[in-house]
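Sequence annotations record features per position, and here Swiss-Prot assigns compositional bias 'Basic and acidic residues' to 1-10, 38-72. Summarising the annotation, Swiss-Prot assigns region 'Disordered' to 1-92. What Swiss-Prot records for 17-80 is coiled coil.
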Amino acid sequence: MGKRFSESAAKKAAGLARKRDQAHAKQRAQMEQLEAEEASKWEQGSRKENAKKLEEEQKRQEKARAKKERDALLTAEEEQLGKGGKGKRKMK
């Protein structure tokens, strides 16, 4: 004859619980590995600066510097010429 259910029920339940625990541990390990990989990708991404943004910032600074130079030249020229008075009126 065979074994009775009452004899093998505890053994079967223990085996299922062990398999369930192993599956949870495996899944937890996979999630931790994925999180570690994603964290390393974020770290690598944060190290590099965006080249396009750097170029735009450099252009903006260059434009601001050029404008300051133009303004300085304009004020120097105005000071050199002196304050302009009224011009001679032409008689008609």
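Counting begins at 1 with the first residue displayed.
Cβ coordinates are placed from backbone N, Cα and C, and glycine is handled just like the others.
For the compositional bias 'Basic and acidic residues' (38-72), the DSSP-based tally of helix, strand and coil residues reads 32 helix, 0 strand, 3 coil.
Confidence in the coiled coil (17-80), given as mean pLDDT, stands at 92.
DSSP assignment over the compositional bias 'Basic and acidic residues' (1-10) gives 6 helix, 0 strand, 4 coil.
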